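Marked as transmembrane segment by Swiss-Prot on the basis of sequence analysis: 25-45, 62-82, 101-121, 124-144, 151-171, 179-199, 262-282, 297-317, 326-346, 358-378, 399-419, 424-444.
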Amino acid sequence: MEGENNMEKGLLLAKKEDSANTTPLLIFSTFIIVSASFTFGAAIGYTADTMSSIMSDLDLSLAQFSLFGSLSTFGGMIGAIFSAKAASAFGHKMTLWVADLFCITGWLAISLAKDIIWLDMGRFLVGIGVGLISYVVPVYIAEITPKHVRGAFTFSNQLLQNCGVAVVYYFGNFLSWRTLAIIGSIPCWIQVIGLFFIPESPRWLAKKGRDKECEEVLQKLRGRKYDIVPEACEIKISVEASKKNSNINIRSLFEKRYAHQLTIGIGLMLLQQLCGTAGISSYGSTLFKLAGFPARIGMMVLSLIVVPKSLMGLILVDRWGRRPLLMTSALGLCLSCITLAVAFGVKDVPGIGKITPIFCFIGILSFTMMFAIGMGALPWIIMSEIFPMDIKVLAGSLVTIANWFTGWIANYAFNFMLVWSPSGTFIISAIICGATIVFTWCLVPETRRLTLEEIQLSFVNV
């Protein structure tokens, strides 16, 4: 209780602070950190338009390609196991250097692959890299940004992911799958160099007892004229409170005091992966062909709209708030899945089946747009905000593993579900999207314009 009272006093001091400036260092640091998110997006979208050419060039069966497609998510699960612990022990920057090494090696292995072994190994290594990236990037951004722009800056993670998706969608129509793999590695090289010029997270420095460095970095991030004393005090009090709970273990996560945060974190990650995005992002070209719509046109249109819609989400996240944007996104996804279910459901019906191509196009287009403005980024943003420092490592690892494990299953199963029933597949997705609305309404709190410590204290006072 004493730690909680001290935190409340610190928050009273912090509330007196003015809005911090958005400094060049803050913008540059965010850009360098999210450059790896481009590789994350490229890995997600890589199989969407390369399926037929890879299967033809390397003589793969559907099962072999499905395994290849799912290996990035399996590798991501392995990376996720170590992501939070590595970031806590060695820092966010060092963890990202290791992630870049995995991604660069993996993309090169794919581009040079002569058989299924090198192809699968490369995909698995990329997966480990993006598994590390998936946790570190949103957490680092949340820890360096002031509360009034935290949502927008953290949303840039999703924006760069969508840029990666858009690039492989668009250039997949013209370039070979080997060249696309090389393109996927370029942002990692940028980050490898850029990490030398950005600071470590102030909260990580404070946790390691490097208080002077914490204050120096905080001053650089906020601007010379900004009074960092209230925020630095808030961070120190939070660190002190977490040290009093240093005996936290995996069992502690399931105690009543953490149940709400853990339910939100894991729940949103499961709903994100099961809403249908694994199939649409990875096998969009296959869906267009199945519906009789020109796959090249469909993929080019998707590549052009996904980034502008992400920009819309970036603008709205700190204006509307997390809850309204998440529920709006989930509603749009639900309607999109219903549209796709209808499109494939009437495909073989005489006289009505001709609407399948255009309905499929509308469904995939609207799904991609609605996912980009909310459901793609918000689970990661909320995950980076809700866990207190004493359980952030364990909870972050568990939540990230849950995301990747579910994604692996969904990605591998999608092709087989399409063989079973395209319409039935999207009916299931629509139900899950509807459940997301109810879940958000009942359990997810609004975190807009609150500091990380204020958010975490709000769960204590529930």
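For all residues, glycine too, the Cβ spot is worked out from N, Cα and C.
Segment contact holds for the transmembrane segment (25-45) and the transmembrane segment (151-171), given three or more CB pairs below 8 angstroms at sequence separation of 6 or more.
Same-chain residues lying 6+ beyond the ends of the transmembrane segment (124-144) with a Cβ under 8 Å from its Cβ atoms: 26, 29-30, 33-34, 36-37, 39-40, 43, 71-84, 86-87, 92, 95-96, 98-103, 105-107, 109-110, 150, 153-154, 156-157, 184, 188, 199, 201-204, 221, 380-381, 383-385, 392, 396-397, 400, 403-404, 452. Beyond the transmembrane segment (262-282), the same-chain residues lying 6 or more positions past its ends with a Cβ under 8 Å from any Cβ of the stretch are 44-45, 47-48, 69, 73, 165, 253-254, 330, 333, 337, 364, 367-368, 371, 375-376, 378-379, 382-383, 386-387, 395, 398-400, 402-403, 406-407, 410-411, 414, 417-418, 425-426, 429, 432-433, 435-436, 439, 443-444. Listed by sequence, the residues of this chain that lie at least six past the ends of the transmembrane segment (326-346) yet keep a Cβ under 8 A from its Cβ atoms are 271, 275-276, 287, 290-291, 313, 320, 352-353, 355-356, 359-360, 362-364, 366-367, 369-371, 373-375, 378, 422-424, 426-427, 429-430, 433-434, 436-437, 440-441, 444.
Here the transmembrane segment (179-199) has Cβ contacts under 8 Å with residues 25, 28-29, 31-33, 35-36, 38-39, 42-43, 46, 50, 93, 96-97, 100, 103-104, 107-108, 110-111, 122, 126, 129, 144, 160, 164, 167-168, 171-172, 217, 220-221 of the same chain, all six or more residues outside its ends. Looking at which of 62-82, 358-378, 399-419, 424-444 has the most CB pairs under 8 Å to the transmembrane segment (151-171), the answer is the stretch 358-378. Just going by CB pairs under 8 A, the stretch in 101-121, 297-317, 358-378, 399-419, 424-444 that sits most against the transmembrane segment (62-82) is 399-419. Cβ atoms under 8 Å from those of the transmembrane segment (101-121) belong to residues 36, 39, 54, 58, 60, 64, 67-68, 71, 79, 127-130, 132-133, 177-179, 181-182, 184-185, 188-189 of the same chain, restricted to positions at least 6 beyond its ends.
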